[in-house]
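A.B. asks: Quick one: the structure is below, and I'll ask about it shortly.
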Amino acid sequence: MAETYLKRFYNLTEETEPTFRRSFGQLNMKLSEMQKFFGLKVTGTLDADTLEVMKKPRCGVPDVAKYSTFPNNPKWPTNKLTYRIENYTPDMSVSEVDSALQKALQVWAQVTPLRFTRIYSGTADIMISFGAKGYNLFLVAAHEFGHALGLSHSDDPGALMFPIYSYTDPNSFSLPRDDVRGIQSIYG
């Protein structure tokens with residue numbers, strides 16, 4: 001499990017002719033990188049705290065770069081963005097999904113000059129589709145919209161852009177300062 005996690009989120013690479021020593025060193029280095037990102041004790045070994053973090057529900061975007069919505073420029077060229085819902089989850093009503101997505105987009109619109117308009121056909125700037133069962137739609141959507149707007153993961157555990165999801169009541173949610181600073185550094 002740990003090796004798969006590190007390959008997916010920390011760019012642990014396969015070695016064509018691995019030696020025990022070289023593989024062990026790279027694994028330790030990636031474990032240390034992950035532990036540092038999550039504010040864990042940096043040991044380079046797979047301990048209980050590290051394993052616990054690996055088991056938590058999280059975003060599928062890697063924590064280390066090679067991921068970018070817009071390489072070399074994280075900003076959309078316009079402040080008026082469109083979104084389209086391609087399909088709905090069977091786990092929620094259409095109105096619940098619409099409401100959660102609108103609320104998630106408002107999280108970003110409230111602290112930037114960005115404005116979001118829904119379209120019902122064609123290709124939108126942000127295309128939304130549902131796959132397997134998710135976590136909390138509002139939080140996951142707000143987090144993923146952050147990526148779509150150019151933000152990477154934050155190492156602040158209180159941030160919306162922290163890669164591990166935590167439950168927050170959508171009705172009392174306020175965008176954390178770290179996320180506000182991040183998005184305003186891009187859009188003002």
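Including glycine, each Cβ sits where the backbone N, Cα and C put it.
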A.B. asks: Pick from 9-16, 57-64, 65-72: which range does TrEMBL record as motif 'Cysteine switch'?
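C.D. replies: In TrEMBL, residues 57-64 carry the label motif 'Cysteine switch'.
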A.B. asks: Based on Cα distances to His153 (Zn(2+) binding site), point out the closest of the recorded positions Asp91, Asp125, Glu144.
C.D. replies: Glu144
A.B. asks: CB neighbours of Asp91 (Ca(2+) 1 binding site) within 10 A?
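C.D. replies: Around the Cβ of Asp91 (Ca(2+) 1 binding site), 12 other Cβ atoms lie within 10 Å.
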A.B. asks: Among Asp91, Asp125, Glu144, these being the recorded positions, pick the one whose CA is nearest to that of Cys59 (Zn(2+) binding site).
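C.D. replies: Out of the listed candidates, the nearest Cα belongs to Glu144.
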A.B. asks: Treating G and I as helix alongside H, and B as strand alongside E, what does DSSP give for the domain 'Peptidase metallopeptidase' (72-188) in helix, strand and coil?
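C.D. replies: In the domain 'Peptidase metallopeptidase' (72-188), the DSSP-based counts are 42 helix, 14 strand, 61 coil.
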A.B. asks: Given His143 (Zn(2+) binding site) and Asp125 (Ca(2+) 2 binding site), what distance in Å do their CA atoms have, once rounded to a whole number?
C.D. replies: 16
A.B. asks: Reported in the order helix, strand, coil, what are the DSSP residue counts of the motif 'Cysteine switch' (57-64)?
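C.D. replies: Secondary-structure breakdown of the motif 'Cysteine switch' (57-64): 0 helix, 1 strand, 7 coil.
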